[in-house]
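Worksheet for the structure shown next.
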Amino acid sequence: MTTTPKPPPGHFTILYFATATSFTSKNVESLPAPLSLRKLVGVLEERYKGIKEGVLDHSLVTINLAYVDIPEEGEDDVVIKEGDEVAIIPPVSSG
Amino acid sequence: MQHNSTEEQRSNGVATLANGERTGSGRRLTDEEFDRYSRQMIVPGMGKEAQLRLINSKVLIIGAGGLGCPAAQYIAGAGIGTIGIIDGDVVEPSNLHRQVGHATSRIGMKKADSLISHLRDLNPLPTYVPYTFPISPDNAADIISQYDLVLDCTDNPATRYLISDVCVLLYKPLVSAASVQKSGQLIVLNCPPTPQGRVDKKYPPCYRCCFRTPPPANTQLSCGEAGIMGPVVGLMGVAQAGEAIKILASGLHLPSSTSNDTGDDPHNLIQPALLIHSYDLNAAPGPYTFRALKMASRKKNCIACGENSPQTLTLEGIKSSNPNYLQFCGLQTPKTILPVQDRITASAYHATRQSGQLQNHILLDTREKEHFSFGSIDGAVNVPFGKLLMKAATIKRDGGNAEEILPIKSAEDPIFVVCRRGLDSQEAVEKLKELGVDHGGKRKIVDIIGGMKAWKEEVDPSFPFI
């Protein structure tokens with residue numbers, strides 16, 4: 001188990017796995033923090049058109065290696081903080 | 001703190017189990033077993049009782065491919081008493097770079113039989129049960145009910161949801177792994193097995209709790225289409241065997257329903273985790289090769305194991321196509337989606353070109369660039385399907401010029417679209433029309449039926465089709 005380099009000040013790291021990597025053509029990048037988890041989907045959709053339907057809707061999201069639910073309307077939001085590590089993990093189903 | 005004693009018992013592998021028969025107590029190891037399993041029995045935490053539990057266990061391995069082969073080797077080697085192998089496919093040369101339980105000499109043989117012949121040679125002591133047909137909603141419960149633990153080594157989402165659902169209903173722990181291209185995942189589900197509908201405390205998740213919906217059908221990658229690195233899938237299969245052995249040796253596969261309901265059930269304490277493996281071909285030893293992620297426990301609203309699940313998922317329902325797994329995974333789309341006038345056979349396209357009737361046209365090849373690199377039809381331009389969809393989505397949203405989706409600028413030339421097997425190309429034709437690239441029907445956009453596979457069969461037998 002290793003860690004990725006620290007993001008620049010005022011940013012968090014976001015890791016893309018499996019089809020999220022192919023969709024964004026990236027393994028990792030830094031995004032401005034703090035950011036509400038609910039807004040993350042919008043921020044990513046803005047950068048990568050179609051990623052919501054193509055990847056995010058069926059992927060799981062972790063913050064600092066722990067699973068988080070994307071909050072629905074009316075549910076408490078989670079804030080992604082500076083230095084956090086977020087991961088987008090689509091299901092892999094082949095074998 | 002009240003759980004300490006049980007935790008200790010489990011960690012030294014001699015937990016006292018409710019079901020005395022399964023502990024194997026009262027039986028001696030044979031000399032052959034003693035010799036064969038000595039190196040793992042002396043490992044701290046194992047011992048004779050744990051070995052006897054393995055010998056008395058029954059494991060079902062669903063899928064005898066890239067995951068199932070390595071997993072089965074270690075399951076057999078460890079001395080699991082009964083090993084069932086399900087797979088309807090036959091061994092093909094393209095399997096052998098990763099499916100290490102098969103052999104060149106067994107190409108064409110049913111995979112379940114081929115893998116078992118390998119395992120018998122490795123360890124003749126276990127009982128091996130081949131199932132040379134695929135698992136299905138019809139047979140899943142009958143087969144799974146005969147085993148203590150299931151390894152999901154399959155290759156498609158529809159089967160993964162089916163197996164998870166049946167394991168929940170039959171109280172079977174499920175060790176699920178998956179792998180494609182350069183990624184692998186592994187998670188232990190429904191362990192310890194917990195009855196449907198119990199959500200009062202933290203209970204283990206099922207596959208649906210982790211992945212509520214499958215990816216859209218057009219993004220579901222198979223190893224055949226997307227490729228797979230042998231060591232990546234191999235590591236996941238080996239790790240699956242490791243988890244299965246751990247569960248069986250410590251008796252964690254026994255349903256928590258057998259213990260009393262006083263609330264201090266030690267089974268509640270296991271932290272579910274998802275192991276992720278990503279392998280980077282372009283980098284020196286990658287910055288993040290393995291990651292273990294803390295997963296959430298059972299979801300309250302899960303249709304398979306959550307609060308009202310006894311009403312939403314039953315064994316009878318599964319047998320009568322409720323839920324319909326293929327539909328759920330978007331796999332029941334008809335093969336032909338385009339009308340005849342928008343399609344042409346590979347041989348007819350070739351003949352039209354040869355006759356000189358087709359001078360200026362654009363031929364789009366929507367395969368991945370790696371596939372394209374092995375060969376293409378003369379004049380074809382590569383626009384991978386995923387990229388095409390992304391461009392289409394961008395143009396649709398931002399209202400850009402639809403023609404920009406084409407790599408060649410020409411407002412009138414007819415467009416032909418070819419893919420690998422003829423599905424993506426039809427969708428691509430639809431997308432282009434949706435964007436108005438056909439100028440309201442004035443410009444022809446045509447799908448080449450059956451893709452490059454048909455091209456090889458009908459036109460150019462020497463074409464290197466992968």
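Glycine residues also receive a Cβ, built from the backbone N, Cα and C atoms like all the rest.
As annotated by TrEMBL, region 'Disordered' applies to B:1-28.
Per TrEMBL, compositional bias 'Basic and acidic residues' is recorded for B:1-10.
Look at TrEMBL and you will find B:Gly66, B:Asp87, B:Ser94, B:Asn95, B:Leu96, B:His97, B:Arg98, B:Lys111, B:Asp155, B:Asn156 tagged as ATP binding site. Over all protein chains present, the Cβ of B:Asp155 (ATP binding site) has 24 other Cβ atoms lying within 10 Å.
The annotation Zn(2+) binding site is assigned in TrEMBL to B:Cys206, B:Cys209, B:Cys302, B:Cys305. B:Cys302 (Zn(2+) binding site) is surrounded by 24 other CB atoms, counting those within 10 A of its CB over all protein chains shown.
A 10 Å cutoff on Cβ-Cβ distances gives B:Cys419 (active site, cysteine persulfide intermediate) a total of 25 other Cβ atoms nearby, all chains included. If you look up TrEMBL, you'll see B:Cys419 marked as active site, cysteine persulfide intermediate.
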Shell list (Zn(2+); ref centroid = CB of B:Cys206, B:Cys209, B:Cys302, B:Cys305; cutoff 8 A): B:Ser164, B:Val168, B:Asn190, B:Pro205, B:Tyr207, B:Arg208, B:Arg298, B:Lys299, B:Ile303, B:Ala304, B:Gly306, B:Ser309
Where B:Cys305 (Zn(2+) binding site) sits in the secondary structure, as DSSP reduces it to three classes: coil
Distance [Cα-Cα, Å, rounded] between B:Gly66 (ATP binding site) and B:Cys305 (Zn(2+) binding site): 29
The one of B:Leu96, B:Cys209, B:Cys305 whose CB sees the fewest other CB atoms within 10 Å, among these binding-site residues: B:Leu96
Sites among the recorded positions B:Gly66, B:Asp155, B:Cys305, B:Cys419 close to chain A [C-beta, under 8 Å]: B:Gly66, B:Asp155
Distance [Cα-Cα, Å, rounded] between B:Leu96 (ATP binding site) and B:Cys419 (active site, cysteine persulfide intermediate): 26
Close in space, distant in sequence - B:Arg98 (ATP binding site), Cβ under 8 Å, 6 or more apart: B:Gly65, B:Gly66, B:Cys69, B:Ile228, B:Met229, B:Gly230, B:Val233, B:Gly234
Local backbone state of B:Cys206 (Zn(2+) binding site), from DSSP in three classes: coil
